[in-house]
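Taken straight from Swiss-Prot:
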{"type": "DOMAIN", "residues": "74-358", "note": "domain 'Protein kinase'"}
{"type": "BINDING", "residues": "VAL80, GLY81, HIS82, GLY83, SER84, PHE85, GLY86, VAL87, VAL88, LYS103", "note": "ATP binding site"}
{"type": "ACT_SITE", "residues": "ASP199", "note": "active site, proton acceptor"}
{"type": "MOD_RES", "residues": "TYR234", "note": "phosphotyrosine"}
Amino acid sequence: MASGGVAPASGFIDKNASSVGVEKLPEEMNDMKIRDDKEMEAATIVDGNGTETGHIIVTTIGGKNGQPKQTISYMAERVVGHGSFGVVFQAKCLETGETVAIKKVLQDKRYKNRELQTMRLLDHPNVVSLKHCFFSTTEKDELYLNLVLEYVPETVSRVIRHYNKMNQRMPMIYVKLYSYQICRALAYIHNSIGVCHRDIKPQNLLVNPHTHQLKICDFGSAKVLVKGEPNISYICSRYYRAPELIFGATEYTTAIDIWSAGCVLGELLLGQPLFPGESGVDQLVEIIKVLGTPTREEIKCMNPNYTEFKFPQIKAHPWHKIFHKRMPPEAVDLVSRLLQYSPNLRSTALEALVHPFYDDVRDPNTRLPNGRFLPPLFNFKVNELKGVPAEMLVKLVPPHARKQCALFGSS
């Protein structure tokens with residue numbers, strides 16, 4: 001674990017290093033449940049909160065297993081996001097010039113940070129990567145965990161807004177690329193890691209506007225779901241909440257992420273949210289207006305406690321009437337497979353990847369609108385393809401990409 005400090009609020013480090021007042025964290029840190037002895041050392045802290053523009057944060061990494069200790073300094077540049085969790089700011093590494101994002105969250109000293117534990121497990125081209133982390137404190141003696149993450153400049157949310165402002169539809173190739181990469185990331189976190197993200201929404205989908213590579217971020221709500229163990233149902237942001245969550249289910253599955261991905265795909269195609277309710281009841285009404293009243297069987301799949309509840313009988317609205325006339329039928333079909341009332345009837349992320357809607361991105365001749373190559377889509381690692389049936393594998397990895405795919409070797 002990297003240790004960390006924050007330079008004085010003036011924003012500049014005194015060239016005379018000894019003039020910066022540095023104090024050790026209290027001894028209680030050694031007994032904190034957050035730490036595993038092997039992975040953490042007490043952080044070195046300098047006062048200040050570190051997020052103001054020009055503020056410099058100094059951390060050290062290494063120093064384990066004979067590695068040399070290395071000092072890294074970050075200059076805070078601007079706040080790029082905040083919420084109940086804390087703040088995310090853009091910073092520049094002064095030693096390398098690299099831009100990073102630093103997510104700063106208040107840390108309860110009694111517990112391990114679940115987001116940090118999850119981030120350490122993740123290694124995937126469509127998931128934002130953790131570079132390192134360190135602790136810092138404020139004058140009020142509050143402990144903060146700082147996650148240093150790779151910086152990706154755009155979000156799907158802002159890309160959607162951009163096309164809306166221009167009164168244009170998002171080019172279909174971007175809809176395909178973004179939704180494909182969401183499904184690939186979900187297949188990895190669900191199957192290889194066993195984690196449910198629980199907050200898939202356009203704001204948590206980062207995009208490089210030049211390459212159009214997408215990365216899922218914000219694992220603050222993510223959790224390993226254990227069958228038979230209850231979970232909180234008030235999870236996931238409105239518009240993207242699966243109906244079983246609105247019904248208060250506590251034994252849900254990773255299929256809640258699939259519903260959210262279906263909502264995002266619908267929004268990419270429409271330019272606006274599919275189910276824009278302000279409250280749980282409003283959202284349910286919006287869902288029922290499209291999918292129709294759930295059957296008793298579907299309600300049982302979502303939350304068995306509601307089977308006797310009397311819902312107004314509304315007929316399903318055909319999906320093709322929700323989208324414009326020229327919408328490719330494959331797009332409509334995929335949305336309908338992701339947005340099923342019964343969680344077990346929704347496509348899995350892997351099944352979505354082999355859907356005909358993505359045949360275009362598997363074509364070696366497909367290019368971005370500016371003529372550039374598509375981002376890497378088929379560089380699957382062995383753990384991503386573990387247990388995938390042969391007939392699915394053949395669809396998943398097109399012949400031209402098999403050289404870059406671990407499972408096919410050099411064949």
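The backbone N, Cα and C atoms fix where each Cβ goes, and this holds for glycine too.
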Margin query: Using the alpha carbons only, what distance in Å do you get between GLY86 (ATP binding site) and ASP199 (active site, proton acceptor) once rounded?
Written below: 16
Next item on the list: Do me a favour and check the Cα-Cα span between VAL80 (ATP binding site) and the residue listed as 'active site, proton acceptor'; whole Å is fine.
Entry: 18
Check: By a simple count of other Cβ atoms within 10 Å, which of VAL80, VAL88, the binding-site residues in the record, is least packed?
Finding: VAL80
Notebook entry, point to check: Any idea what the Cα distance is from TYR234 (phosphotyrosine) over to HIS82 (ATP binding site), rounded to a whole Å?
Noted result: 20
Check: What does DSSP say about HIS82 (ATP binding site): helix, strand or coil?
Finding: strand
